[in-house]
Structure formats: structure tokens, C-alpha cells
Amino acid sequence: MSSIFKGSPYRRPNDVEAGSSRSAQSDDEDHEFSGGPFDITSTKNAPLDRLRRWRQAALVLNASRRFRYTLDLKKEEEKKQILRKIRAHAQAIRAAYLFKQAGERVNGTAIPHPTPTGDFAIGPEQLASVTRDHNFNALQEYGGGNGLAEMLKTNLEKGIQGGDPDLLKRRNAFGSNTYPRKKGRSFWRFVWEACQDLTLIILVVAAVASLALGIKTEGPKEGWYDGGSIAFAVLLVIVVTAISDYKQSLQFQKLDEEKRNIHLEVVRGGRRVEISIYEVVVGDVVPLNIGDQVPADGILISGHSLATDESSMTGESDIVHKDAKQPFLMSGCKVADGSGTMLVTGVGINTEWGLLMANLSEDTGEETPLQVRLNGVATFIGFVGLSVAFAVLVVLLVRYFTGHTKDATGRTQFVAGKTSAGDAVDGAIKIITVAVTIVVVAVPEGLPLAVTLTLAYSMKKMMADKALVRRLSACETMGSATTICSDKTGTLTLNQMTVVEGFVGGRKIDPPYSSSELPDTLTSLLIEGVAMNANGSVFTPEGGGDVEVSGSPTEKAILNWAIKLGMNFDAVRSGSSIVHVFPFNSEKKRGGVAIQLPDSNVRIHWKGAAEIVLAACSWFLDTNDSIVAMDEEKMAFFEMAIETMAAGSLRCVAIAYRSCESEEVPTNEEQLAQWALPEDDLVLLAIVGLKDPCRPGVKDSVQLCQNAGVKVRMVTGDNVKTAKAIALECGILHSDVDATEPNLIEGKVFRALSDLQREEVAEKISVMGRSSPNDKLLLVQALRKRGHVVAVTGDGTNDAPALHEADIGLAMGIQGTEVAKENSDIIILDDNFASVVKVVRWGRSVYANIQKFIQFQLTVNVAALVINVVAAVSSGDVPLNAVQLLWVNLIMDTLGALALATEPPTNHLMHRPPVGRREPLITNIMWRNLLIQAVYQVSVLLVLNFQGKKILHLDHKSSEHANKVKNTLIFNAFVLCQIFNEFNARKPDEMNIFKGLGRNYLFIGIVAITLILQVVIVEFLGKFAKTVQLNWELWLISIAIGFVSWPLAFLGKLIPVPKTPVSQIFSRKFCRRRNRSSRQKA
């Protein structure tokens, strides 16, 4: 048992006490975290020191906003402390109760009588003392499970009644299965965080000083405009930023709720019903299977080899076996092995798990690789911007105080000994304001936050596409996926199984459910084997009606087949008692049960993979009810039957039994728990073929992945022949010629290879049949070592290590166990491979949208910086003032991110190869587009700045008015250039920039709002923005200047760019020069 649970794959991956559960890290793991502080290709399992390094290296103006959606390292430490305290507290209480119980046993102290609560004979305090404190004495005093069930008005077979009045009474008496959560951040908290930007604080201080000096010198009527306009612009930036951030946080809260909302089955009114974990009440009877999460505190009613992983509560990764002596089950723990049924005795805050979650309910966030890289880009640009702003500040101050700066009328602004101190300070404040505003524009604070914006948008839309993202980083990593290792059943197929062929009594039965051809004894044994060795259930309504069958698709298909053969499920189950169960094991591919018959004899039934069960059979039961020896001829007949069915893409399941002497069965409970059911010398009863059709459109989805450079590999536990047939149907294999080793391989063959051989073979594998979860893990490790970005689908508990090891773990939402889901990064809600392909599209879309935004923002940055710097150095004045630059910053950061980072994915994304995780963020295509637009904007606007009066024929007007008109035109043309360029940024590598525009209402809305606000600023807010009204001719000139960027972008895309990234070209040249110089020195 210890080998099965080695490394505890069942523990929660974020369990800071239990540590990381990632197994066998790949050789290049250290390489993922090497290099510069911002060079992190994967944040999955990244060391905390590594995450701390990039934070310290980043240039940040507003830390609370910049790091809002990254892992809060301080809270992570606090989380560890809280976990330790709560666990230590719980263990101390338990130890005290055990000590008290020991004293009570010695002194004969009586257990206090239960206190009635409402309609129930016991209250929540007594129940808590039994389960939370593991008080076995009290449990026995109350009559064990049966006694508690009676007090809670529960039938252990049929559960509670489950009507609304009954549920309401239980919630009123014992509470609901929820816990108090910390409220999300209010809107005003986001406003406060937006106010903490250092540059905005400096601008507010400058605005207040300018306001005071203006009122003092010009009077309150005219003097408040300069300071007031800056203050208003800052306020607008803060409000818009806060609204955008608040809306993002609401989306993340909603997604977080979805992640917590687990669905499970309970028994109510005799039938199994699916409910939310929040709807569980005290008294509920809950079936538990391997991989399930225990939904509440309770006691074990019945179980077979049940074991739970309690690491989430105790911090210890040991697997705890549950039986009549240790019946207590803790909420939040996972079922590691076996199956059973529990009676719920404590919910919500009355459980240790509820107490723990109430204290840890606030998420500590996580960063994504793209976020870290963008922080690096923002830091580099920020340092350049700071240097430029500082240079502008020095130049303007020197020019001002040396008398080289003139006002609009041509008068020198500062004359030593003549200019008053107030005027000098006012002039200096205006210069500082311009320099600080350049910093606001130059430092792209919103660039890393654009990732969060696009991820929040993508995650919301992905929910509609049946994908629930558990880890933010997985959303973007999926865009880099080079291979998908997919399960067959339920993912590539519909998971709607039916028995379509049957070999019973040594011959083929057609149709397979024709009981008239079968003798009574054979039918009876077959029905007994199906009913007793089943993890599903059959509910027959009392008033008649259709029979309801529950369980896994395979279980349901076989149970439905047995019903057609005449099975009465309840009668068969009540006619014998289960002695011991060997739950279905994905390693051994079979499951068994030992039952005691009414005559005290013991019979063992096995069910599993046909060729494996057949190999253990020495006999078969023929149609004369005779047990016949399995000779070579008959063995060959059955093997051929299995091969024929598998070649027809059927899943083959064999059912067999053997008798067992009662003396061979251990009588001791501990020995019985360890008893290995005899699995040889079996008597074959039947082999059935189950049809599970391929999902409609799955072939197109596989083809789409292949065209996108993503190889789809099928990894299944089914027979190799079945896997081959389905792979051919799905398009994973193209012909029988492809269906040879190593393209098509069996799990045991792959397992037997050396590490080096596995790496070489892994590249070629398209289909792996009869694979175990460990084979899947080995395949993932081999592919990752070869440099692949691996996505893996999984649904079983034993898939957890592979899901956790993969770059992107995709758990199935319908068939997936809670353990699989907790170890995954994304949950595919409909178990459909087409949804996996949609996730790939969204992953690529995230990366593409960020690149669009980078191209747009850097164009604005470069143009605004160059224009202001050149103008400041040459004339001592800047055409774009503080208020105008703050408006440009708003267009560039918040509105630009909203417009471009929320672009929906297109099929064009699936016609490119995967995005390399170490590829430069700014591609050669982006550099080309960016430089063309920036050079154009800078050239045109600088010409207007220096020759604008002459070109616009403003020479005859007063110098002050002419300057204002010229600067207003420059400001207006600059903003319109950005609006037109926003369209170019939508399609960096496509000629048609309007493609799909009609479906992107958000983009159209933002462009419209930006345009309307620009008209309002220019035409009606002149005193605030230092603009004048423009006539229709100047508006046409502004529009024409902006419009030229469209044909320019079209022509620019005809210019070819080298495939080698610019950064590599420069680094190679630098290396060559360095090598030459070192050789010359030598």
C-alpha cells in the first residue's frame, strides 16, 4: 500500500505544510528558473525566492496595484502560520479528549445524554464532540452509526427524505455547509490603491501648489485653472483605473466561487441525487469512492478498504485506513483508496475544515510567466523613460533659470533679480509637472496589468466554452502547448456505453441480452457477479416507472445489460453479504468481490479488462451449466473474439468467478482487511463488448490541432486494438501503416525502456494502449525533457501525478475525481476534446492580445517621448502639456488595454505554430509596425511643432493664439493617430485590419468613447486642457494625419522581416566583436 501512495499524489498541491507533490522533476527544471530575474518560463511550482527576486528587480510606481494579482508572499507566510496553529489546536483538543476518555473508562464516568434540538434527539454540540474530537466512547454510548441515524431521523439505506421542509429543519438545527467568507474588496479600496501611484501623488502636490500660486497671483476667478485642470485629470485617471480594476476583481470572485462549488452524489429518498457541496445537510448519507472529497464531518457506515488522505488537515501525508474502530471522517480530506458510505454529522463552521477555510478564504493570488516578463519590459522602458524625464527636467530648468525660455508672447520668462519668487516657483512647478507627466506616460505601469485584464476576460469567456481555469498561468501556457496527451474514454468518445456484443457460455449470443438462450445457473451466476461486483446502483421507483441506473459509464452499461437479462438488483444484493472488496485498480485493470452466500459458502467474482481476466481463467461455464476446462482451442477462440471486438473499437470486459472454501477466508477483521482475493483458477462466465462512439467533430478538432503544430497523443487503459481503431476514427493515426511501434505502443513496453530510450520513443508515440497512470507520468516526463510544453487530460485519482507534472493539467469535469481536479490547472466541464482545442485557442489569444497591446503602447510611448524631448531641448517648451499627457496615458493604459486585450480569438491563431516560451515578446513584425508608425507620427508632429505656424498660415495672428492653435492641432492629431493606430494593432500580421470588427462591440464602444471625449476636450474644455477650438479645416487635417497610418500600415506589411529575432541578431554581433577583441588581445 505504501508504494501506491508514495509521494502522496492525493494531497492538495498548494498545501504549504505538506509541500509540493510534484514528482520526479525534469532535468531542465532548474533551467526554467535560471537567467535574469524576469526570465521565468513557468511559475508552476516556482520557488518563493525566485518570485521574490523579480519583485525586487521591478521598477514600480504603485506596488499595491502592480502586485495585486501576483502571489502575496507575505500572506503565503501568514497562511502557513494559521495552518500550523489550527492543526496544532485541533490535535491538542483531540489529545485532551483521548486523555479524558481514558480517565472516564477508569472511573466509569457516564457520557452526557444528548440534548434534543428542534425535531432531533441530539444537538450540534454533542455531534461535534463525537466527530470533531473522535470520541469513540460517546459514539458507542449513542448506539454507533445506527443510533446516531435514529436520532437524526435518517435511514442508512435510503438516506433522508430530502424534501424542502426536511432540509430546512436540518439547516435550522445544525447549520448549513458553508463558512463565513471575507468580503471582497470594495470599490473604494480600488480607488485608494489607484491613488497610491507615486507619479500621481507628485502631480497632485504640484496641482495644489499651482492652485495656491495661481489664486494668489491671478485671483480665484482665473487662477485656479492650471492647478484645477491637473487635479481633475488625475482624478479622472484614478476613477477610470479603479472602475476597470474593480470589474476585474468581480470576475475573479465569480470564477473563484465556481472553483469551490464541488458537486457530489447523496442518497435521498432511496435514490442517488447530485447536489452542490453547499447543499449537504446533517443526516445525509453520502457514497464515497476513490478520489472523492469528504464533503463534511461524519462517520463511516460501511466501507471496503476505505483509506483517506488527511494531509490537508493534519499536514501528515500518511494514508489513514477507516473501519469500524476508526470510523471518523474529516471534511476536506480525500478518499485515497476503496469505497464506502458515510453519515454526515457536522457541516460548515462546525467542522475543522470549515474553521480552516474561514481563516484562509482570501486567495493569495498567483503570477503568470507573461506577467513576470512584462514587468521586465515595463522596468526597462521605465528606466529609459525616467532617464528621459530627468534629462527634460534638467534641460528645462537650466533653460528657464538662464533666461532662455520665452512665453507665448516672446517675453523672457525668468530674469535674474527681476522675476518675483512666486513667478519663479510657479515656472519651476510647471516644468516639474511636465517632467513627472512624461514619467507617467513613459513608465508603462498598466502593461503587466494588461495580462490580468485579458486573463480575466478570457477566463469568463472560457467558462462559456466549458473550461474552468484553476490556475491563471495555465491559460497562457496553453498557447505554448506543443503536445496534448489525451484520454480516450469520454474525451475523444461520448462516454455513452452500451453492450453490443456478448460471448456467454462459450459462444456468441446475438442479441447480447437474449436470456432465453442461457441456462438458469449461468444466468444466475452472471447476474450475481454483475450486481455484487458493482460500484453503481439501481433505483426502482415504488410507484413504477423507468429504472434509474447510476455509476460510471462502464458500470451503467453492464448493469443495464444485466437488467435486460432479468436482474433484480436489490433482491440479489440482499440475498448475499459482502465479505471483502478489491476495488477496481487501474494498474491491475480489474476489480473483485468476495461474498458469503446464504449457505455460508464464499464465492469470489472478478470483472475487468477481458484479456487480463481471461488469462487468469482455467475454466469456463458452458450453456449446459457445466464447468469445462479451458483448453488451447477454447482459449484461442476467446482471444480471437476479444481481438475482433477490439478491432471494431469495442471495449472488452470479462466476468468470471471462483468458489472459495470458508476456511480460506480470514475471520480476524485486521487480517481480512489485508486479505488478497484469490485471482487464479477462475471460471469464465462472459465477455462483453461495449460500444462508446467517437464524439461528433472530434476528427476536425484533432486536425485543427495538427495544423496548429500541436501533436495529439492518445493515452488509454483500453486494449491496443481498441485504441488503434478509435485513433484511426479520430484521425490521430492516418492509416494502418502508421499503426506500428513506436507510433502505437503498449504501456508495459514503454515502461520497460530505459530513460534515454523513453525520451527517443516518446517523440514518436501517437497512441499508447493498456497504459497505467504511471505510464502516463513517464510519458509526460520524457516529453518535457525533450523540450515539449505538455498538456495532459486525466480523470482518475491515479492521474494526479501526471496532471501535476504536466505544464498544463486538464481534469475532466463530469467523470473526473476531486483529487484529479485539485491537481489540475484547468477543468474541462463537458469532458469534450473540442473544449480542449478551444482552450488552446484562448491560450494563444491571450499571448496575441498582449502583443497587440505592447505594439500599441510602445508606439504611443516612443512618439510622446521623442516629441516632447526634442521640443523641450530645442525650444524649451513642450507641445503636449500635463493634462494632455494624462489623457493620452488614459487612452494608452486603461482604454487601450480594454480595447485590445479583450479581442476574441480567431481561427487565424490556429494556423501558426505554438508560441515558444522563450520567444521574445516583441517580434520582428511588431518592431517593423511599431517603428513605421512611431517614425511617421514623430516626423509629422515635429514638422507641425517647428513649421506649423507657416504651414497653417498662422503668421498673421498673435503669437500666443498661433501657438495655442498649433499645439492644439498637434495634440488632436496625436490622439487621432492613436485611435487609427488602435485598428492597426488589432491585426499586426494581417492585411485586413477590419476583419471580425463587427463582432467586437467593446472595441467599437471604446474607440467611440475616446473619440467623443477628444472632441469634448478640444472644443469645450479648453481652459482645462490648454486647447482652443479648431475649425473644420483643422479637424480634417487632424483626421487626415491619423488616417494616413492605415495605408502606411498596409504598405509596411509588404516589407519582409528576418525570421531571427532582432535581440538574437544584436547578441550574435556583440558576441562576435567580443570574440574578435579577445583573439586580438591573445
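Don't overthink the numbers, they just go from 1 along the chain as shown.
Glycine is treated like the rest: Cβ placed from N, Cα and C.
For 1-44, the entry in TrEMBL reads region 'Disordered'. Feature annotation from TrEMBL assigns domain 'Cation-transporting P-type ATPase N-terminal' to 135-215. Among the features that TrEMBL reports, transmembrane segment is placed at 190-215, 227-246, 377-401, 431-457, 1001-1022, 1034-1055.
For the transmembrane segment (227-246), the residues of the chain that approach it from at least six positions outside its boundaries are 65, 68, 185, 187, 190-191, 193-195, 200, 203-204, 206-214, 433, 449, 453, 882-883, 886-887, 889-890, 893-895, 897-898, 1023-1026, judged by C-beta separation under 8 angstroms. Sequence-distant contacts of the transmembrane segment (431-457) (same chain, six or more residues past either end, CB-CB distance under 8 Å): 59-62, 65-66, 68-69, 197, 199-200, 202-203, 206-207, 210, 230, 244-245, 248, 251-252, 368, 370-371, 374-375, 377-378, 381-382, 384-386, 388-390, 392-393, 396-397, 400, 472, 475-476, 846, 849-850, 853-854, 857-858, 860-861, 864-865, 868, 872, 878, 881-882, 885-886, 888-889, 892-894, 897-898, 901-902. In the predicted model, the domain 'Cation-transporting P-type ATPase N-terminal' (135-215) shows an average pLDDT of 85. Each residue in the domain 'Cation-transporting P-type ATPase N-terminal' (135-215) gets a DSSP state, and the totals come to 51 helix, 3 strand, 27 coil.
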